Amino acid sequence: MTSIKLAVIPGDGIGQEVVPEALKVLAAAGPAIGADVKFEQTQYDLGAERYLATGEVLPDSVLAEIRAQDAILLGAVGGKPGDPNLPPGILERGLLLKLRFELDHYVNLRPSKLFPGAASPLARYQGEGAGDIDFVVVREGTEGPYTGNGGSIRVGTPAEVATEVSLNTAFGVERVVRDAFARAQKRRKKLTLVHKTNVIVNAGKIWTRLVAEVGAEFPDVAVDYQHVDAMMIHLVANPSQFDVIVTDNLFGDIITDLAAAVTGGIGLAASGNVNPDRTTPSMFEPVHGSAPDIAGQQKADPTAAIGSVALMLDHLGYAEAAAAVDAAIIADLNERDGAPRRTSEVGDAIAARVAG
Ligand code: NAD
Ligand code: IPM
Ligand code: MN
């Protein structure tokens with residue numbers, strides 16, 4: 001009997017609605033995973049409610065427990081907009097980013113694929129164009145402007161100054177670039193670096209140098225470069241040209257919301273915060289947030305959370321079960337007739353297909 005310890009953090013807003021659907025599908029995938037494999041789930045009530053009730057965001061003891069798990073499934077974090085008791089950043093930095101940093105999730109993997117049946121706002125990709133868009137963003141997950149390296153002085157005065165320094169280390173850039181090249185080599189052998197080297201010059205140099213140096217070890221992978229602003233054009237005008245995109249933490253955050261929008265919507269976009277060295281549990285979560293505008297109404301699409309389960313299964317070595325979940329998602333998308341479905345209806349439909 002193989003026992004896999006899974007930390008489940010539904011979090012806030014629609015996280016509470018989509019995670020149960022993802023777990024439904026994980027349960028349905030049991031036979032495909034193997035009769036001798038058991039997921040031992042531990043639920044963690046981290047998020048806005050716990051913070052507002054107790055002041056706790058991620059106690060050290062809870063972090064230590066989570067560190068001892070084999071994988072993490074997360075819904076979303078983020079409280080009600082404008083809540084004076086929950087300023088922006090408390091949960092995002094103190095919970096989500098703390099997990100990514102502490103667990104050294106240096107590869108933030110965000111695949112984008114236009115499945116048949118998914119509606120792209122790019123009309124010409126609907127119908128026979130479906131399937132043309134298939135790229136993966138390898139977003140650096142532990143550095144960039146996300147580290148909290150900065151501060152404010154003279155706050156609230158006309159002389160206020162704020163800095164948010166982007167941290168880029170050769171160690172950190174090299175390891176994520178190497179991972180991206182390895183992925184490209186197994187795919188269509190094309191890697192695109194996205195940055196803003198014409199303005200963010202110092203960080204740009206380190207990324208450019210390491211892509212060239214590591215690239216020399218992957219001579220069969222073609223390399224190109226796009227400035228992040230022009231990338232907004234290319235992702236809309238000709239997204240099928242991309243294979244693997246490697247970029248820093250902030251650029252990767254931004255381009256993956258756009259990537260989701262052009263491939264059927266944010267409700268379909270799955271992600272993995274991966275530690276490729278496997279020294280810590282990797283964490284799987286939809287790209288979207290807590291969506292307070294639709295929370296509690298069973299309107300959220302759980303497909304992104306379910307796709308995150310597929311990424312998790314693949315990471316844990318259950319490639320066949322992961323493929324079965326992906327196939328069920330594709331079949332479900334194909335059969336959508338456009339009528340809105342409740343969150344649980346989508347989960348039920350995909351779980352039924354997985355159970356087959
Ligand atoms: P969001 O992703 O929560 O929502 C953006 C838009 O997409 C909203 O209109 C929302 O209704 C829609 N949407 C999101 N997920 C959907 C789904 N599954 N099905 C259908 N529609 C969906 O982004 P936001 O509004 O910028 O952020 C809300 C909160 O979430 C903020 O507090 C933010 O910090 C947090 N956030 C958390 C994460 C995370 O936990 N990984 C990610 C992004 C944002
Ligand atoms: C995401 C989110 C997070 C990020 C926030 C909530 C910290 O937008 O997962 O894309 O910026 O990485
Ligand atoms: Mn984001």
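Cβ atoms here come from the backbone N, Cα and C positions, even for glycine.
Sequence annotations record features per position, and here TrEMBL assigns domain 'Isopropylmalate dehydrogenase-like' to 5-350.
Counting every protein chain shown, 20 other Cβ atoms lie within 10 Å of the Cβ of Arg100 (substrate binding site). Annotated substrate binding site per TrEMBL: Arg100, Arg110, Arg139, Asp229, in sequence order.
In sequence order, Leu97, Asn249, Leu250 are the residues near Tyr146 (site 'Important for catalysis'), counting only same-chain partners six or more apart with C-beta under 8 A. Residues or ranges marked as site 'Important for catalysis' by TrEMBL: Tyr146 (among others).
In sequence order, Gly204, His227, Val228, Asp229, Phe251 make up the list of same-chain residues 6 or more apart from Lys196 (site 'Important for catalysis') whose Cβ falls under 8 Å from its Cβ. For Lys196 (among others), the entry in TrEMBL reads site 'Important for catalysis'.
Asp253 (Mg(2+) binding site) falls within a helical segment according to DSSP. Long-range Cβ contacts of Asp253 (Mg(2+) binding site) within its own chain (separation 6+, distance under 8 Å): Arg139. If you look up TrEMBL, you'll see Asp229, Asp253, Asp257 marked as Mg(2+) binding site.
Look at TrEMBL and you will find Gly289, Ser290, Ala291, Pro292, Asp293, Ile294, Ala295, Gly296, Gln297, Gln298, Lys299, Ala300, Asp301 tagged as NAD(+) binding site. The secondary structure of Asp301 (NAD(+) binding site), as reduced to three states from DSSP, is coil rather than helix or strand. Non-local contacts of Asp301 (NAD(+) binding site) by the CB criterion (under 8 A, 6+ apart in sequence, same chain) comprise Val18, Gly265, Gly267, Leu268, Thr343, Val346.
With the fewest other C-beta atoms within 10 Å around its C-beta, Ala295 stands out among the binding-site residues Ala291, Ala295. Each residue contributes its Cα atom, and for Arg100 (substrate binding site) and Ala291 (NAD(+) binding site) these two points are 21 Å apart. Selection of the binding-site residues Arg139, Asp253, Ala291, Asp293, Ala295, Gln297 by a Cβ distance under 6 Å from ligand 3 yields, in sequence order, Asp253. For the pair Gly289 (NAD(+) binding site) and Arg110 (substrate binding site), the Cα-Cα distance reads 15 Å. Taking each Cβ in turn and tallying the other Cβ atoms within 10 Å, the top scorer among the binding-site residues Arg110, Arg139 is Arg139. Taking Asp257, Gly289, Ala291, Asp301 as the candidate binding-site residues, the subset whose CB lies under 6 angstroms from any atom of ligand 1 consists of Gly289, Ala291, Asp301.
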